[in-house]
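**Student:** Copying in the features that Swiss-Prot gives for the protein in this structure:
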TRANSMEM  9-29  transmembrane segment
TRANSMEM  68-88  transmembrane segment
TRANSMEM  97-117  transmembrane segment
TRANSMEM  138-158  transmembrane segment
TRANSMEM  164-184  transmembrane segment
TRANSMEM  201-223  transmembrane segment
Amino acid sequence: MNENLFTSFITPTMMGLPIVILVIVFPAMLYPSPNRLINNRLISIQQWLVQLILKQMLLIHNSKGRTWALMLISLILFIGSTNLLGLVPYTFTPTTQLSMNLGMAIPLWAGAVITGFRHKAKASLAHFLPQGTPITLIPMLVVIETISLFIQPMALAIRLTANITAGHLLMHLIGGAVLALTSISPAAATITFIILLLLTILEFAVALIQAYVFTLLVSLYLHDNT
């Protein structure tokens, strides 16, 4: 029986319970205690990458905006690791679910907007009406800016969902083509398999890039409101 193309996007369960519970609990059991942590090259590289990412994201922030550094680095590590784990065979990618991405995007966006209205109410309201706008265009621009503000979290979530889903579907289709061509034309199957390997490497890059883009946009929303 042929497998449904979207089967990989269905939350896997075991005995009626979501397997994601095991995914969350099992790594926590293996997490090393502070006395087991050691300084080695891998940890040094990880610290260097974290510092580099934070430096790039916090360049535009003032001292108040830099208090969000821990949240931003936690967000990019969570999304990046989730995207990479989704590339492992027989696993599930939570970021292909629009509901999860909206669950991340809406609270982060709402927190940034509420922070802006609490600390910079006049500046936040000024975004709805650019300076020098003709009087006749004021009502229309206010409506347009309001709509664009509320579209931001949806665009943030849909961008991540679409990019991750498209890559997984393409890998699924090419992988099926490799299996179908194996018995028909080994040469064509070999070429298609090479394309699949290149696409897999590209998906690793996309997984990290999309995590960076998502977090960078959240950082920009915070910058506009702090």
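Glycine too: its Cβ is placed from the backbone N, Cα and C atoms.
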**Student:** Thinking of Cβ pairs under 8 Å, which stretch from 138-158, 164-184, 201-223 has the most of them with the transmembrane segment (68-88)?
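**Tutor:** It is 201-223, which has the most Cβ pairs under 8 Å.
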**Student:** At a C-beta cut-off of under 8 Å, are there same-chain residues at least 6 beyond the transmembrane segment (138-158) that contact it? List them, or none.
**Tutor:** 98, 101-102, 104-106, 108-110, 113, 127-130, 214, 217-218, 221
